[in-house]
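*Asks:* Just lifted these from Swiss-Prot, have a look:
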{"type": "REGION", "residues": "1-57", "note": "region 'Disordered'"}
{"type": "REGION", "residues": "2-46", "note": "region 'Basic'"}
{"type": "REGION", "residues": "69-126", "note": "region 'Disordered'"}
{"type": "MOD_RES", "residues": "Lys79", "note": "N6-acetyllysine"}
{"type": "DOMAIN", "residues": "129-307", "note": "domain 'CP-type G'"}
{"type": "BINDING", "residues": "176-179, 256-263, 300-303", "note": "GTP binding site"}
{"type": "REGION", "residues": "277-451", "note": "region 'Intermediate'"}
{"type": "REGION", "residues": "460-532", "note": "region 'Acidic'"}
{"type": "REGION", "residues": "460-538", "note": "region 'Disordered'"}
Amino acid sequence: MKRPKLKKASKRMTCHKRYKIQKKVREHHRKLRKEAKKRGHKKPRKDPGVPNSAPFKEALLREAELRKQQLEELKQQQKLDRQKEQERKRKLEVSPGDEQSNVETREESDEPKRKKAKAGKQNPKKLHCQELKKVIEASDIVLEVLDARDPLGCRCPQIEEAVIQSGSKKLILVLNKSDLVPKENLENWLNYLNKELPTVVFKASTNLKNRKTFKIKKKKVVPFQSKICCGKEALWKLLGDFQQSCGKDIQVGVIGFPNVGKSSVINSLKQEWICNVGISMGLTRSMQIVPLDKQITIIDSPCLIISPCNSPTALALRSPASIEELRPLEAASAILSQADNEQVVLKYTVPEYKDSLHFFTKLAQRRGLHQKGGSPNVESAAKLVWSEWTGASLGYYCHPPASWNHSLHFNENIAAVMKKGFNLEELEKNNAHSIQVLKGPHLTNRILFRSSGLTNGILDEKDIVEESPRQTEDKQDADDQENGSGERNAEISDVAPVEETRELSPEQSTAGKPSDGSSALDRASQEDETYDFTTDYI
């Protein structure tokens with residue numbers, strides 16, 4: 001800990017420095033005088049008043065005098081009101097017992113207001129569930145957008161089961177962010193997912209402009225390969241063929257966990273910035289209907305709500321909450337525990353680490369993240385790791401399962417029904433072309449990640465558990481006390497434990513145990529509440 005500054009700095013300085021400052025001040029004042037002389041002196045304009053030639057001069061003067069008197073009376077009245085308010089506050093100073101009763105009465109009167117405010121403000125998670133149900137009911141085809149870096153972890157069995165039970169609806173998987181995984185891994189995942197559902201390789205465009213500025217700056221835009229959309233033609237062909245087979249206008253719903261790129265897929269299909277996109281999770285709060293053409297309409301939806309019964313890694317990657325709510329050290333440590341250590345060291349250019357706390361310390365020193373006093377800011381390093389892993393720049397990948405085992409809500413008959421009506425051979429050719437066009441990540445930007453499997457979500461708003469206001473306040477007070485007791489201890493407890501043991505010397509092993517005398521003194525003090533110095537020290 002840095003020692004506090006007990007003395008103020010001395011104002012003594014060398015004569016050279018003092019004369020230099022005085023000279024600069026004189027020069028500055030001289031320049032100001034020179035500029036003021038150039039501008040000239042302007043006399044303030046006096047109010048000429050009401051001219052004698054003006055009609056109703058006396059009436060105007062009387063009105064002005066009346067307004068002046070009214071302002072004076074208003075000031076006097078405000079002064080009296082302030083004095084009365086101060087007098088009332090002095091009389092309210094009563095005994096502590098009466099004050100306690102006043103506080104209780106005030107709390108009782110505030111209780112109906114709290115209930116009314118709570119009833120008026122609905123839980124946003126429940127609103128998300130309601131909007132998701134609306135999107136599924138209104139859709140003929142449901143596009144489940146998956147992150148190609150962890151496709152299995154982005155699948156929600158509850159949503160897929162709801163689509164299957166609806167009867168005539170189709171479900172299509174969209175592997176977005178396909179440029180962030182190696183091509184071999186992408187092909188393996190495509191073969192695995194195609195056994196269940198039609199899967200489209202996709203890479204959303206990042207070169208879209210706003211509607212108003214798109215036409216103006218169209219000629220100046222130079223499209224790079226990383227900004228070009230891949231898989232748009234395959235998805236358009238799939239939707240168009242299904243619309244022709246139905247013979248009617250269709251609606252396509254887009255669902256998925258936060259930050260998988262649902263709105264980016266819609267913007268890429270429309271070739272305009274229609275839906276709001278960004279780095280933050282959960283930007284889309286309600287369903288948004290976007291017409292793609294005369295026959296096809298696409299519906300954007302809010303993100304899926306993850307169930308709290310999932311693994312810590314899934315909660316860290318797919319919770320639509322800020323990093324402060326998730327606790328940065330816990331979230332980043334859970335992610336780091338599933339990543340390959342050697343590739344993490346190569347990506348972040350840090351030495352080998354023993355545990356997550358050691359890694360965050362080295363990363364903070366490497367990136368120049370320091371607290372007051374020069375100690376490494378471990379929490380900022382954890383936030384940096386979390387933002388990179390939940391963003392769209394880091395290239396990590398997972399291996400698909402060795403063999404395909406259908407889940408409880410899926411079997412071969414359902415898979416055949418979902419594939420019916422689509423030209424799968426043409427889809428396979430389009431996917432192969434998209435993989436060939438894509439440019440995979442660099443070798444130093446590839447990190448092997450162990451997926452935690454399917455991620456459970458919440459579709460029914462009744463399953464969302466709400467905390468009472470009293471529990472929330474108690475929780476906040478407990479957190480404040482924890483933070484006050486010691487930030488360092490809290491940080492160490494949040495991180496995964498170190499799997500390292502060392503032998504203690506006899507002196508160290510007995511250092512933590514209280515001596516017999518001290519324990520006897522503690523027992524005596526506990527038995528007798530009245531503390532007598534004469535018996536203990538004389």
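Here the Cβ of each residue, glycine as well, is placed from N, Cα and C on the backbone.
The structure displayed is predicted, hence computed values, not measured ones.
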*Asks:* What's the CA-CA gap between Ser178 (GTP binding site) and the residue listed as 'N6-acetyllysine' in angstrom, rounded?
*Replies:* 71
*Asks:* Where among the binding-site residues Gly256, Pro258, Pro302 do you find the Cβ with the fewest other Cβ atoms within 10 Å?
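*Replies:* Result for the binding-site residues Gly256, Pro258, Pro302: minimum number of other Cβ atoms within 10 Å at Pro258.
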*Asks:* Limited to the region 'Intermediate' (277-451), I'd like the whole-number average of pLDDT.
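*Replies:* Value for the region 'Intermediate' (277-451), mean pLDDT as a whole number: 86.
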*Asks:* Return the count of C-beta atoms lying within 10 angstroms of the C-beta of Lys79 (N6-acetyllysine), excluding that atom itself.
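*Replies:* Its Cβ shell of radius 10 Å holds 10 other Cβ atoms.
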*Asks:* Give me the DSSP three-state residue breakdown of the region 'Disordered' (1-57), ordered helix, strand, coil.
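*Replies:* Reading the DSSP string over the region 'Disordered' (1-57) gives 26 helix, 0 strand, 31 coil.
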*Asks:* Just the number: how many Å between the Cα atoms of Asn176 (GTP binding site) and the residue listed as 'N6-acetyllysine'?
*Replies:* 68
*Asks:* Under 8 Å between C-beta atoms and at least six apart in sequence, can you list the same-chain neighbours of Val260 (GTP binding site), or say none if there are none?
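*Replies:* Within the chain, Val260 (GTP binding site) has Cβ neighbours under 8 Å at Val145, Leu146, Asp147, Cys154, Asn176, Lys177.
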*Asks:* What number of additional C-beta atoms lies within 10 angstroms of the C-beta atom of Asn176 (GTP binding site)?
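*Replies:* For Asn176 (GTP binding site), the 10 Å Cβ neighbour count is 29.
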*Asks:* Enter the number of other CB atoms within 10 angstroms of the CB of Asp300 (GTP binding site).
*Replies:* 23
*Asks:* Could you round the CA separation between Pro258 (GTP binding site) and Lys79 (N6-acetyllysine) to a whole angstrom and send it over?
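*Replies:* Pair distance, Cα basis, whole Å: 57 Å.
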*Asks:* Please report the distance from the Cα of Gly256 (GTP binding site) to the Cα of the residue listed as 'N6-acetyllysine', rounded to the nearest angstrom.
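*Replies:* The residue listed as 'N6-acetyllysine' has its Cα 62 Å from the Cα of Gly256 (GTP binding site).
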*Asks:* Rounded to a whole number, how many Å is the Cα of the residue listed as 'N6-acetyllysine' away from the Cα of Pro302 (GTP binding site)?
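*Replies:* One finds 55 Å between the Cα atoms of these residues.
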*Asks:* Counting across all protein chains present, how many other Cβ atoms fall within 10 Å of the Cβ of Lys262 (GTP binding site)?
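*Replies:* Excluding its own Cβ, the number within 10 Å is 29.
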